[in-house]
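Novice: Just passing along the structure, written as structure tokens.
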């Protein structure tokens, strides 16, 4: 008889077996059992087990023996102890002895325990309740759950997980189902345990193939949430199969669950063991018997679902039938309820709403076809709103849902899931089950990638995206997964290394966004796969060091040297910059291919997004040099240099230059064939949350203006990040358009390593502090899915850490250099002596002829035709005006093989209708660019030069940044940007401050960009007057740029040519005229272009020609620009020979030698004045007032200023006031 009082119940056999092993060899038993087994006393058995025996008589004898009469067995041998009725029945049943040849075996171990337990169960008076429960919702939601788990961390949820948890919840409502019967002092007693300990019947198969059953308990189930319950369930099952269950696992089971349905049993009445009040049985899921012969289509049409039979076998002494029936009804209701499934989905971090129970909708199939198509359209348009893209999931109770994406909204129910509908080519099919449609839609638009493309107007692009996105997910190969993991290892290990070795140093780490490294790697790899020439990266400071090390390939030793502050003074001219602003260049080699590609990272300042237009210009210049461009018909080499731009989320939404740069994307003068944008979306800007920093749903909404597809991706899913990166490159190559990837992640630390973000975002950083990084979560997913082993993951990380440690130790041993003051970069580039800028007369004539060499049938505008004729006349006869002098300079450079690029607002015609560099046919709109004719020699051979002139968008910041970048990408090009009025250049002040004036000193980045800034006081008001000379002079130092305000067309001509030919890569700032464009005196003769060069200091022509007498001069007026002509006119009017006007044509660097030589010619001068139109606090005086006395102390120590009074605005808003002020300047100058 079984030991009913044993705490192990039907598991007692296992305990006895372990005891025997322990007795023979204690080390063969898990140590956790030792304490229990030391004093364990097994129940005595009737006899030792015997090996099976077989009767050996012949077959005839077997039959005879079977027929022979047998002595009836004694009642004591056959009756089960306990119930008298059972014993009497047993006594009446004669059990014949084994026949000859039968196999006879004494039962032992598990088999013997079954005998005991089953005999003991006969003493429990039981009854059984049965309930059939619809299984469709259970099936459908389990599919949703496991599909999500398959794509993320791996693992599966079984039906028994769900049914067991529902059972536990039902017990909370019916605690009587958890109690058991016993006798206390001989009195019948019902015991209600404090906790629900659910026993799981676990079928085990031994090494010999024999099967056995154990019942192990999940303790205190009522305290668990679903995820905890699943973890405990899996732990019990795993330990049971590994033979590692402990005594505690067997004791104290209060209610059991058995699932014979796993082997196809539909309806089971299990036996109830003493010590429990109920055992719940689960049958197989089957269609009702009468429908099992029907086809799937017919079953779906009728709305027939599978059923699962639940049985509750209970101790009738303490549980009544009504309680048992209500208990099953509660489980039934739970399995169909919204609340139960909501909790399950939340606990498993399934971000979507569960399938909801509802009755079938009998609408016609035609109507539902339309509804299914509407559902498909809804997912394509709105699916991104339901995508699981936020790795933090700050609102864990919130499901990713949208009414437009729910099947119920479209009049569809779970009964439609297995019905077939017409889908009109969706995923390459005409008909599909709704379940398959939903599965594809969820995978395409609502997993870890959200796709926005409904704003794209081109149907071909939308169809291409649909075909690429709406496909079955293909998991990367194991080799690819290991490679992705290696990149994550590298990204995380690099940051951890720096954090450990350089505590407290700012580095703006990538922690929390490590997946951007495999993402960038994949994008570059795909560019290499397409056979492209180069990827140029522009990015802010966050993560920059990581990108330099793990993407560009900058040597670790160099990065660590910069952290040490150990710079070699022989290599460090200029101010330098912080390590997270520097650029680098490297070569990328494909891991799974044979191609390579150049990779470079351009330098940038801390001004967020300022590098964006610079990068675009740099790339366009490289493309123009390669001359692949859009003329490549097959598209493979077209735009073969790819800009890869990284952004922050707050900056992408907040900085206006982003929109300005995006606006360049499809413009002829600026197009680069598509930029790959990656937004490292930390979901915070310094300390500002998104709801305070943007008004749009996404930080990427601004990109919709150019029809760029937008991919939102979860940064905790590196495989998704890699897939999106490759898709982005493919789209860019196919359509030559921008693509935006919004990688949602988080910032592990504050804005910098010394910042504590929890002060302003406490809840967010409570979540972040406990968040496992992308590397760990991806490693766990790979191991959970069985793709790699833990050892493989650990070995890869150790290898990388060891590499960093070795380099770190090497850097510590490098030569140490003492800290020295930085040296100027001024002497790094010197103007060559004897540089000739004059040209032959024949070239002037050829340029003049070009303006009348109109194509056949071309009709110039009647107001432009006289301009063209006048230009030809000037080329031969002289009196060359400013506009033509400029075109002569540019045309001559084209003829000499230079690429000349001129852009700006209205620059093709010119703000003041002066340039007319591109002619438009009056009738057809055809365009003709005369200077492009200079790109061909007279014999028809190409010179190698080009004249590219573009009207820019109405932008300064991006436009100037682009032109600066162009000069970095093509140092030999002559690149000019013209402001509409010089006043508006301050819209590009960040570019001027951070790149143009200081790029060489900070980064060694050279540029020869030319800014043409119309300037002059002419009564047009404060915003059409000043290009802010004072600001450029304040920025000038170390020869960082040339600043000039020429006053003659010929000097402007020579200035441009000197700049293009001197080999110096430094910017040129030219303050150009407005009214002087048509001033009759502001002209130059042909000899001024063919015989001389640029002169930084000009005297009046009378003195230069030897007509005027310098000895009569007692006062010198130093001035610059168009004011000279007003002063000269007044001098002529007043006949003042005691006064001379000297022009400073170059404002910086100040031409000290030329100025001294000029002033030394006037021996009797007693007064020096600086005369300017600008207010006293503006123009050149704020610098010249300090610098001129220091430059020439013997002459200019007492120099005085004549100007407008100090003003906050550049000028008066009244033209009449302007005239009065201008007159006062002249009066004072000649007073």
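Keep in mind that glycine also has a Cβ here, set from the backbone N, Cα and C atoms.
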Novice: The thiamine diphosphate site in Swiss-Prot lists 542, 606, 608, 649, 650, 651. Which one of 595, 663, 666, 682 belongs there according to the record?
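Specialist: Looking at 595, 663, 666, 682, the one Swiss-Prot places in the thiamine diphosphate site next to 542, 606, 608, 649, 650, 651 is 682.
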Novice: In Swiss-Prot, the residues 1042, 1093, 1096, 1146, 1153, 1154 are said to bind acetyl-CoA. Which of 1058, 1078, 1115, 1130 is said to bind at that same site?
Specialist: 1058
Novice: Select from 756-786, 787-817, 818-848, 849-879 the stretch of residues annotated by Swiss-Prot as coiled coil.
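Specialist: Residues 787-817 are the ones Swiss-Prot records as coiled coil.
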Novice: Express the distance between the Cα positions of residue 1024 (2-oxoglutarate binding site) and residue 1146 (acetyl-CoA binding site) as a whole number of Å.
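Specialist: Between the alpha carbons of residue 1024 (2-oxoglutarate binding site) and residue 1146 (acetyl-CoA binding site) there are 23 Å.
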Novice: Given the binding-site residues 1093, 1146, 1153, 1154, state which is nearest to residue 651 (thiamine diphosphate binding site) when distance is taken between Cα atoms.
Specialist: 1146
Novice: Considering only the recorded positions 316, 1058, 1154, which residue has the minimal Cα-Cα separation from residue 608 (thiamine diphosphate binding site)?
Specialist: 1058
Novice: Residue 1146 (acetyl-CoA binding site): which of the recorded positions 316, 649, 682 is the nearest Cα neighbour?
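Specialist: Closest by Cα: 649.
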Novice: Looking at the binding-site residues 606, 650, 682, whose Cα is closest in space to that of residue 1093 (acetyl-CoA binding site)?
Specialist: 606
Novice: Per DSSP, to which secondary structure element type does residue 649 (thiamine diphosphate binding site) belong, with helix, strand and coil as the options?
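Specialist: It is helical.
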Novice: Select the closest residue to residue 542 (thiamine diphosphate binding site) from the following recorded positions, measuring between CA atoms: 316, 1042, 1058, 1096, 1153.
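Specialist: Out of the listed candidates, the nearest Cα belongs to 1042.
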Novice: Please tell me which one of the recorded positions listed here (316, 606, 649, 650, 682) sits closest to residue 1042 (acetyl-CoA binding site), measuring Cα to Cα?
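Specialist: Of the recorded positions 316, 606, 649, 650, 682, 606 has its Cα closest to that of residue 1042 (acetyl-CoA binding site).
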Novice: Among the recorded positions listed here, 316, 542, 1058, 1093, 1153, which has the most company in the form of other Cβ atoms within 10 Å of its Cβ?
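Specialist: Counting every other Cβ within 10 Å of each candidate, the maximum falls on 542.
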Novice: How far apart, in angstrom, are the most distant Cα atoms among the thiamine diphosphate-binding residues 542, 606, 608, 649, 650, 651, 682?
Specialist: 17
Novice: Please state whether DSSP places residue 1058 (acetyl-CoA binding site) in a helix, a strand or coil.
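Specialist: Its secondary structure by DSSP: helix.
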Novice: Measuring CA to CA, name the entry from the recorded positions 316, 1096, 1153, 1154 that ends up nearest residue 649 (thiamine diphosphate binding site).
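Specialist: Closest recorded candidate to residue 649 (thiamine diphosphate binding site) by Cα: 1096.
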Novice: Determine, to the nearest whole angstrom, how far the Cα atom of residue 682 (thiamine diphosphate binding site) is from the Cα atom of residue 1058 (acetyl-CoA binding site).
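Specialist: Rounded to the nearest whole number, the Cα-Cα distance is 48 Å.
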